[in-house]
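J.: Dropping a structure here in structure tokens format, bear with me for questions.
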């Protein structure tokens, strides 16, 4: 432009000037080139041509005036239906390409400021990216508009599809028109009394063009758009959308609103024409400022009657390779939807078409599989995975190809990586503390913790693969001078009562030089027996092991019992032992050596105290024993009896390698166990579980022990951690799991295993277990270390009570008599004060029967054979609980003097009874038949049924000689005999009776012929487990346990359709009850309802109709009990009761039922897509969803839809309501006229099926048919 302004000045010479003439440069254009190919094949592309500029300028510029390139429109014809968007095709070129470490599928983004940049958004993400500076020429600037991008700029395209054309469409969409072919419809919706929510503004008719709807002022209200069927296109169901262009009614509807947080007027505009009516609504939240609307309709009147309308095409089902689109096609008139058959005279528009037929691009990429487990859990390892090349065609089909095809792709994932680089956990010992003594042999302690990377504190389980360094070690100083404190025997400290804050721990301090009176003058030097422990804050690890004791410690932990009367000699010598020895106390919750001590219930001694053995320190220590006697060492003696152990579990002892192993010794005391509970040990010991030690039993009465016991004797805290725990006196170490090698067995009528003290074993894998406290007849908890221990060890309280108390068929626990006295016949009784009473001398075999409440029933066996003493046995007593070879009471000896131990070389099998015991059980249960014979080591139990050997997979012989039958079948009923394989031995008989569905109940006469069976309810959890041990005939039949149902079971069961559920019903009682399930008072019986052997009801493939209340009824022939269970079927919503078509005469009442299966359901009715509001006069909606329309009119005809909503679920069902004109007044019929049907006017079969003969209008066409059919009542219009 600067040059153009200067040119005139150069052409006008100044007057009188002699300046030389300047020569003008001549830059010219060359010829135009050919037109380039069109940028698109359809839909309006752009072609261009270019021309060169010939210039003589030496600076590289040109002075040619005009454009060097010109453009024109081409291929303006519309693309075929279903063709892909042109901008979307350009974004799809980047599909599968790596972008910031990921691969995306890209879609076009239209809301960027520069409309001609190629901005794309990844599918499923919320950001867009500019892939190119400019889109391909001919790409529309915005969807729904004709303007296109050329060289990165938006250029105008006229309605004649020509580039830079000035021709525009008028409001009627005529190119270059003057707007005379249509008429405008405009107005303002300014109603102010709007309810909160959706309010209809207007309905834009089908065929409308140049639509504009906007708010008069900004507000917090929103516009919404839906079709006449109630389906929302914009802002439906209280979901407000962002500004966008959306397809609706075969046009593009542009929605404009302020950004999030900005307040701007709502605006809608569309080109049209619309292919269906659009309902415009205002979501009102504040006063309406007014909404302006304007649209145009063609001057030609639409054809009257019904016509087809259709919505916009849906998105293509596939992005390439061929997909399909669908749209809604429906019949309308007067902006309302009607059934399709109303438009059947007109051709129906297509509702489905193909789309995106172009082939999918093939892409290749690397794909990696999952990582394999790391080769090391810590300290650095490696893991690998498979990496391979896959080829994808974009349609979801992938296949693996050669890696060479992906060789050029960047970023191949690694196939190997390092893992678990953190440092392994290891034990971290603290420095040793000071020695516990200043002279002599003491102990020093230290703390050992499990530490991880950077010294972080970890749980001890993280270091379980390594042996934990010892927490204590002996320390030796110079010999101490003989001081008064040597008179005290000091035990090891017990567990701390708390793990942090403030705890206490105890130890045993007793006089070591004789009775307590010998130490009376040395009380000032008595070491403390209680000290604080674990005083650190609770966020720090505990300093010493602790227990969780919920009881407050008593001021005197050792509660002395009354004096034990000792036999004959030196009875006073045992008096002080009974006072000091910890086993002479009734409280068993704090036994020494228990690592936790959390005995859940405080048990008080209800029966006689266990008999006491003379402690090893009864006699004063002599100078010959020296000050370093192993019994006074911190960890007691080694198994040899004289070497001091250097640590727990006989550490440092000679010849005890298996004791020092992790899981200790096998029962042979030589082999090393490979795991808890003697894992890896041989099961066969020839009946000798003590490695050659005979399985003899100790006498049940108190024995005067004047010699050293056979078993090792330790302090109470030590023997519980030995291989088989303590003997009955809590001091001596047992030689076997059933108290082998122990003397002084208590006289309680319980199995031997139930008389032993709890033993936590020698390992440290602590777990809560149960043991039986014979002195009170109850079970209590204790902490078990995971290996070794004795047989008084049970997994649950029920198992404990079943194994110990379950063997008694008298009272459940020792019952005190009128004087609180418990009576026994094993040579002595027990006085209320705990003193042993001398047995009365008996001259005959008869034994006096005691009353029932005084401690149990007694019986006498058959008369003994020649030279054999009569054998008496307590009611319910286990036969092996007594010394089989012991001397019988009443045979020789002075009264009040117990017989000395008598070990017989032969083993006599004692029988529980000659008459058969009775066991009752139901089909499918598990039954254990126990043999009460105490067989010799070389003898084995043999079982027979009805005299024949037993051979079946359901019959399994156990190690203890018992027989398990599972599952129980009808043919298992009969008489079972158990006996020894040795000749000349008697057998025990057990009568097994099968209880059927009618529940057989024994009469009192039948009960008197059989010993009472064990109550199956005592073995709760092991259905049908019963045993006849100790069952005897009695004149006092066992009272039946009252029937009881477990009311703690779930009362509400939720299920989904098709699910399999179980409803439990646990009952117990005697006789065992029968279970029946009922529903609505009737037994439940169907192939899908199955009653299980344990009483539960299993329902397969639950259906909606299964929901309701079920009753479990238990009956045992005497008592009855029941409980109900509600089954709730949480299925999908369903609507029933609404037929497809309802015909109602004009003026009658339409009753539309909408029965919805489900709870908390909201029901809404609509007619032709518009909500039906109850007005309280003609239209009513009942709470159950029924719609009532009184005085029906012709304008009420239409499609009624019932919609049910429950949470996120929704379901709807429609019915067509047809209104028929009332029949004319019926004329008196000619009696002589024939009564015939008129099939050309009505289908009489349908009228009969619908029971419409009561309607005079319909019955007039079907006289003959209705005469043969007399309706019972007037039909209800539905």
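Using N, Cα and C of the backbone, Cβ positions are placed for all residues, glycine too.
Under the heading signal peptide, Swiss-Prot lists 1-18. Annotated domain 'TSP type-1 1' per Swiss-Prot: 26-80, in sequence order. Positions annotated as disulfide bond by Swiss-Prot, on the basis of similarity to another entry: 38-74, 42-79, 53-64, 316-355, 320-360, 331-343, 754-804, 763-787, 779-800, 931-978, 1065-1112, 1154-1202. Annotation source Swiss-Prot lists domain 'TSP type-1 2' at 304-361. What Swiss-Prot lists as domain 'TSP type-1 3' is 362-421, and the listing cites sequence analysis. The domain 'TSP type-1 4' annotation in Swiss-Prot covers 423-481 and is backed by sequence analysis. Per Swiss-Prot, domain 'TSP type-1 5' is recorded for 484-539, and the stated evidence type is sequence analysis. If you look up Swiss-Prot, you'll see 544-632, 805-901, 1014-1042 marked as region 'Disordered'. Taken from Swiss-Prot, the feature compositional bias 'Basic and acidic residues' covers 582-599. Per Swiss-Prot, the feature compositional bias 'Low complexity' maps to 608-620. The feature domain 'BPTI/Kunitz inhibitor' is assigned by Swiss-Prot to 754-804, with sequence analysis given as support. Residues or ranges marked as domain 'Ig-like C2-type 1' by Swiss-Prot: 900-995. What Swiss-Prot records for 1033-1128 is domain 'Ig-like C2-type 2'. The domain 'Ig-like C2-type 3' annotation in Swiss-Prot covers 1133-1218. What Swiss-Prot lists as domain 'PLAC' is 1231-1270, and the listing cites sequence analysis.
Structural setting of the listed features?
T.: Sequence-distant neighbours of residue 74 (disulfide bond) (same chain, 6+ residues apart, CB-CB distance under 8 A): 35, 38, 39, 40, 44, 45, 46, 47. In the three-state DSSP classification, residue 74 (disulfide bond) falls within a strand.
Under DSSP, residue 42 (disulfide bond) is assigned to coil, being neither helix nor strand in the three-state scheme. Around the Cβ of residue 42 (disulfide bond), the same chain contributes 75, 77, 78, 79, 80, 83, each under 8 angstroms and 6 or more positions distant in sequence.
According to DSSP, residue 53 (disulfide bond) sits within a strand segment.
DSSP assigns residue 355 (disulfide bond) to a strand in the three-state reduction. All protein chains included, residue 355 (disulfide bond) registers 21 other Cβ atoms within 10 Å of its own Cβ.
For the recorded site, residue 320 (disulfide bond), the DSSP three-state label reads coil.
The DSSP secondary structure for residue 331 (disulfide bond) is strand.
Taken through DSSP, the domain 'TSP type-1 3' (362-421) splits into 4 helix, 24 strand, 32 coil.
Under DSSP, residues within the domain 'TSP type-1 4' (423-481) fall into helix, strand and coil as 7 helix, 20 strand, 32 coil.
When pLDDT values are averaged over the domain 'TSP type-1 5' (484-539), the model yields 81.
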J.: Looking only at Cβ atoms, how many others are within 10 Å of the one on residue 343 (disulfide bond)?
T.: 20
J.: Please report the three-state DSSP label of residue 64 (disulfide bond).
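T.: Residue 64 (disulfide bond) sits in coil per DSSP, no helix or strand.
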J.: For residue 800 (disulfide bond), which of the three DSSP-derived states applies: helix, strand, or coil?
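T.: Where residue 800 (disulfide bond) sits, the three-state DSSP reduction gives helix.
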J.: CA-CA, which of the disulfide-bonded residues 53, 355, 754 lies nearest residue 800 (disulfide bond)?
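T.: Checked the disulfide-bonded residues 53, 355, 754; minimum Cα distance to residue 800 (disulfide bond) goes to 754.
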J.: Cα-Cα separation of residue 316 (disulfide bond) and residue 787 (disulfide bond), in Å?
T.: 69
J.: List nothing but the one residue from 53, 763, 779, 1202 whose Cβ has the fewest other Cβ atoms within 10 Å; the candidates are the disulfide-bonded residues.
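T.: With the disulfide-bonded residues 53, 763, 779, 1202, fewest surrounding Cβ atoms within 10 Å: 53.
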J.: Rounded to the nearest angstrom, how far is the Cα of residue 1112 (disulfide bond) from the Cα of residue 360 (disulfide bond)?
T.: 63
J.: Counting only residues 6+ away in sequence within the same chain, which have a CB under 8 Å from the CB of residue 1065 (disulfide bond)?
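T.: Non-local contacts for residue 1065 (disulfide bond): 1045, 1049, 1075, 1077, 1095, 1096, 1097, 1112, 1114, 1123, 1125.
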J.: Compare the Cα of residue 1202 (disulfide bond) against each of the disulfide-bonded residues 53, 320, 754, 804 and report the nearest.
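T.: Result for residue 1202 (disulfide bond): the nearest of the disulfide-bonded residues is 320.
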J.: Given residue 320 (disulfide bond) and residue 53 (disulfide bond), what distance in Å do their CA atoms have, once rounded to a whole number?
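T.: Spelling it out, the Cα of residue 320 (disulfide bond) and the Cα of residue 53 (disulfide bond) are 45 Å apart.
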J.: In Å, rounded, how far does the Cα of residue 53 (disulfide bond) sit from the Cα of residue 355 (disulfide bond)?
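T.: Cα-Cα, rounded: 47 Å.
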